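Undergrad: When I checked TrEMBL for this same protein, it listed these features:
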- 20-246: domain 'MacB-like periplasmic core' (DOMAIN)
- 296-413: domain 'ABC3 transporter permease C-terminal' (DOMAIN)
- 684-791: domain 'ABC3 transporter permease C-terminal' (DOMAIN)
- 21-43: transmembrane segment (TRANSMEM)
- 293-313: transmembrane segment (TRANSMEM)
- 341-365: transmembrane segment (TRANSMEM)
- 385-408: transmembrane segment (TRANSMEM)
- 429-454: transmembrane segment (TRANSMEM)
- 684-705: transmembrane segment (TRANSMEM)
- 732-751: transmembrane segment (TRANSMEM)
- 766-789: transmembrane segment (TRANSMEM)
Amino acid sequence: MIKNLFKTAWRNVYRQRSYTLINILGLGAGIAVCLVIFVLIQFHTSFDDYHSKKDRIYRLLTEYHHADSKEIFYGKGVSWAVPQFLKQYVPDVEEVAPLYNARQQQMQVLNAEGQVVKKFKEAKGVFATTPALFRIFDIPMLQGSPSALKDPNVVLLSRATAERYFGDWHKAIGRAIKWNNQTTLQVAGIIEDAPVNTDLDLQVVMSLGTGWTERMVKEHDWNGTMGSFGCYVLVPPGMTGEYLTARAREMLKKNHEPGNNDSEVAQALSAIHYDTKAGDFSDKNISADMIRMLWMIALFILVIACVNFVNLATAQSVNRAKEVGIRKVLGGNRGQLQMQFLAETMVIVLMAVLLAIGLSLLAIPMVGKIMELPLTAGMLLQWQVAVFLVALIIGVALVAGFYPSLVLSGFNPITALKSRLAFKSPKGVSLRHALVVFQFIIAQALIICTIIIVRQMDYFTHQSMGFAKDAIVNVPFPGDSAGISKLDYLKQRLAAIKGVEQTSLNSSRPADDDEDWTSFIFENSPKRVDFYSIIKMVDENYAPLYQLKFAAGRNLAPSDTIREFLVNEALVAKLGISKPEDALNKQIAFNDKIKGRIVGVLKNYHNRSFKVDYAPLLLSSNKNQYSLASIQLAGPSVGASLPAVEKIWNEVYPEFVFEYQFVDEQLANFYKQENQLSQIYQCFAAVAILLSCLGLYGLASFMAVQRIKEVGIRKVLGASVSGIVYLFSKEFVALIVIGFAIASPLTWYFMNKWLQDYTFKITIQWQIFAAAGALAVCIALATVSFQLVKAALVNPVKSLRSE
């Protein structure tokens, strides 16, 4: 019976090829979007889910309390003393592991004679930790043991890293590498490559206490924090995050300096990947809001695809009326007819799924490229995807096929055989009209959202940051004593290059996403100020090169050590000083030895992203903390100057890999996730519009069949083709306007809420909504015009013949 059911269904589907093709395209596109989004969400929700003790792993965040105690910020860094003493204050925790994340590190591979034979620049994946980390997380060892990390100057390498360094990872044990051309490390173990769905991509794992990280083990600093120094904790069964938080806060309260109200918060491992504010060490995190938004988009687009099917199926119902009548006359009951039409729907859905899989194979790598994630077409082979696909097939077949099968099987056989079907609904509003309105609510909402996001991104790109950023390139250099000793020579050589206008040595760009923060003592106060400030070490060329503007005072005088300070207007305001000039000559000190006077006040510039307000800023000079050379290139000479810069750099620092980054490229990273969101929104909005047009096409087809006699009568009475097209077009425009009227306030509310995350943002103007509405109307009219013109051109003799 089932075989016969599907055999008949296939014949009917094949007989109506154009109708079937449109349905397959619509459902296929909708299911493909759902598949791609499911794979993306499955990837993100699987992060660090494979650890056997995942439910008992926490990391500690620092909760920063600023001046008025209302400003609270969270950072992934902790004080050096926290992991050292946590077990003393909370003895029932099982393991505590400090973790230092060292980015942009230079590694040199040594031969048996200690000579450098290869050099590598590791942008990320370099960590320093203790054996406790391996007792907390499931990190497979291929050779060696994590216990080797008890000793300094020891390193574990991932399989892939060992192969890059030595060719064969089996021969890496006992070999030597050099860290930043300073500290020689012995390879003591090989770990398995980290899976792609982890926030701990361990590639080079040094023992904490190696090189300058010895300070992190021996110095008991409770007040300073580093964003790159974190702490992971394994708690016993039954201990909650709230309990760990309370005990950690008690520990800090006993050891902090007076006035330091910062505290700790325990964050579950399962929450780390979704924390976009404190961040993680992988740069792959995603907000929980974006996950929910992706689910909503998938659901809405699937609903639009099902609505298309319903509209097209009911449009075809008139053509199949006689078939239904004959089947009923020959003894077919309503249940059998419903099963027949549901079987046809299942056939179409299965073909649409095949198309969707093909589209997904192409789309998943493309989405991975946009999102900068290692997404591959092979992810479709996961068992979760198979379960999701089966549920999707059954769900779509039932949802899309139920109403059309109900309508078709309910025809009166006498009326059906006479072809006198009429589809009426109370108050002149049909389900098909309502479904089309629903489609365009979603489509127009996505159009409006896309326009707002694109305009906000455009604002970020073109709004002035308050400093120069064009044709400025930053080149990191080694921060060891040998590297520092060559800085004056490097600066002289760079100045001689044609096309290099000026050079500044410093510790950080004007705006960065990983700044150093500090508190300080102001004017011999007995305690530190009750807020934190960004601190940068810069030379006297920094302000002129970046064209920083002064509100009062002068620039820094040349110096190798901290003697003078530049501050910004935000810091002056935090100090309660109303006029910038009143801050001049005031003293800032970090301790009895390190102090200086304020010599200049800078006008506020955006020293962080546009998401947040101006941060208090301290600039001073300290040659030993410089790590960047900022080079201003002459616009036309950029391409010619860079090779010359690289040549000189390789002569001065032959052991290190040369790399550079333009300031505008670095600033674009502030809004990476927003740009990705913008591109994804544009793709999904295009799919939603396409599917909505298919729905309109279905309604127009239905109207052309249902009102063919009305068109004939109007033509007999003298109506023109353009007049008939205009008359029917008004109905479609009315549907679009209704959808627009509902979508606009909803979209304004949610996008206004989204913009609240940004201190500096655009204003949502009426022109955005007008453009979206006009675009929707134009697309709708272009979609239905063919069917309307076709109906209006029918010879009235043919349409009225049955009368």
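Quick reminder: no glycine exception, Cβ is built from N, Cα and C everywhere.
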Undergrad: For the transmembrane segment (732-751) and the transmembrane segment (21-43), check the count of CB pairs under 8 Å (sequence separation 6 or more) and say whether it reaches 3 or more.
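TA: Contact absent: fewer than 3 Cβ pairs fall under 8 Å.
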Undergrad: Based on Cβ pairs under 8 Å, which of the stretches 293-313, 341-365, 684-705, 766-789 lies most in contact with the transmembrane segment (429-454)?
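TA: Ranking 293-313, 341-365, 684-705, 766-789 by Cβ pairs under 8 Å to the transmembrane segment (429-454) puts 684-705 first.
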Undergrad: Looking at 293-313, 341-365, 766-789, which one has the highest count of Cβ pairs under 8 angstroms to the transmembrane segment (684-705)?
TA: 293-313
Undergrad: What is the three-state DSSP composition of the domain 'ABC3 transporter permease C-terminal' (684-791), stated as helix, strand and coil residue counts?
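TA: When I sort the residues of the domain 'ABC3 transporter permease C-terminal' (684-791) into the three classes, I find 93 helix, 0 strand, 15 coil.
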